[in-house]
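To start, the structure under review is shown below, and the notes come after it.
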Amino acid sequence: MINRVRSWWRQEDKQQPLEGSFDNVPEHVAIIMDGNGRWAKSRGLPRIVGHQNGMKAVKRTTIAADELGIKFLTLYAFSTENWKRPKDEVDFLMRLPQEFLAIELEELIQKNVQVRMMGNKEELPKHTLAAMEEAMRRTEHNDGLVLNFALNYGSRKEMTDCVQNLAKQVEEGIITSADITSELIDKHLLSGGIPDPDLLIRTSGEMRLSNFMLWQIAYSEMWFTDIYWPEFNKNHLYEAVAEYQRRTRRYGGLTSS
Ligand code: IPE
Ligand code: IPE
Ligand code: MG
């Protein structure tokens, strides 16, 4: 089903970002990988072929992110709303992690990538969760690129769970309401321990967030492209990073110059 590629970190492919600079590379890039279905439809193919080709883009993007020196790459793979899709499509999507990891895990381990998952584990099929957990366990001591899969992730669910958790701690006298700070909330979100995204990318021309990291992207730079996710490649990532490098982040303050 998926073409096996022997070695996927090909150094000879190394390329400078468009501006020619590895300075000021975003530490955390988050991507809303959208457009798999439309990519397939435009070729007269079933939607699942789009998802399969989307997986190749995941691989390309992971390699490119690592080469660029990005430290965290968060990929929105399945939202808490995606369960609304036809069962066949959901079943297919839930098989993709194990398919991807069966091929790539050894290489990810060798390349010092740490796999993480951000999302609600309870509703995932056992086989999906088992594949993710094996990947997380076997890469937990790696300290290279963090490849964070947002799988069964929804920002509102994440925030609701966080509020319930903190309310319970107040009820039980573990903390007081005054202890609830922005930093404490950060720690109780599924992204706890991962810095906020510096750069958010969405493919396929949609200009919305679709319940993705609503708290964490408060000051992220955003980059949208009409490219469908299965077509996304290293040049697109470099283009987004180069654009990021041209921007001035002010966080509500003023530019010092
Ligand atoms: C993104 O592609 C993948 C998931 C949401 C799982 P879509 O499946 O949303 O593709 P479009 O948006 O229908 O083209
Ligand atoms: C967002 O894409 C979710 C993922 C990329 C996993 P959707 O295709 O589900 O978003 P909407 O429905 O167009 O907002
Ligand atoms: Mg979509």
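Each Cβ is built from the backbone N, Cα and C atoms, and glycine gets one as well.
Feature annotations, reproduced from TrEMBL:
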ACT_SITE  Asp34  active site
ACT_SITE  Asn82  active site, proton acceptor
BINDING   Asp34, Glu221  Mg(2+) binding site
BINDING   35-39, Arg47, His51, 79-81, Trp83, Arg85, Arg202, 208-210  substrate binding site
Pick from Trp39, Trp83: which of these binding-site residues has the biggest number of other Cβ atoms within 10 Å of its Cβ?
Trp39
Neighbour count (Cβ, 10 Å) for Thr80 (substrate binding site):
17
Tell me whether the residue listed as 'active site' sits in a helix, a strand or coil according to DSSP.
coil
Taking only the Cα atoms, work out how far the residue listed as 'active site, proton acceptor' lies from Glu221 (Mg(2+) binding site), in Å, as a whole number.
25
Nearest of the recorded positions (Asp34, Gly37, Trp39, Thr80) to Glu221 (Mg(2+) binding site), judged by Cα-Cα distance:
Asp34
Just the number: how many Å between the Cα atoms of Thr80 (substrate binding site) and Asp34 (active site)?
15
If you skip the near sequence neighbours and keep only those at least six away, which residues in the chain come within under 8 angstroms of Gly35 (substrate binding site), Cβ to Cβ?
Gly50, Thr203, Ser204, Gly205, Glu206, Ile227, Tyr228, Trp229, Pro230
Enumerate in sequence order the recorded positions Asp34, Trp39, Trp83 whose Cβ-atom distance to ligand 2 is under 6 angstroms.
Asp34
Fill in the CA-CA distance, Arg202 (substrate binding site) to Asp34 (active site), as an integer in Å.
7
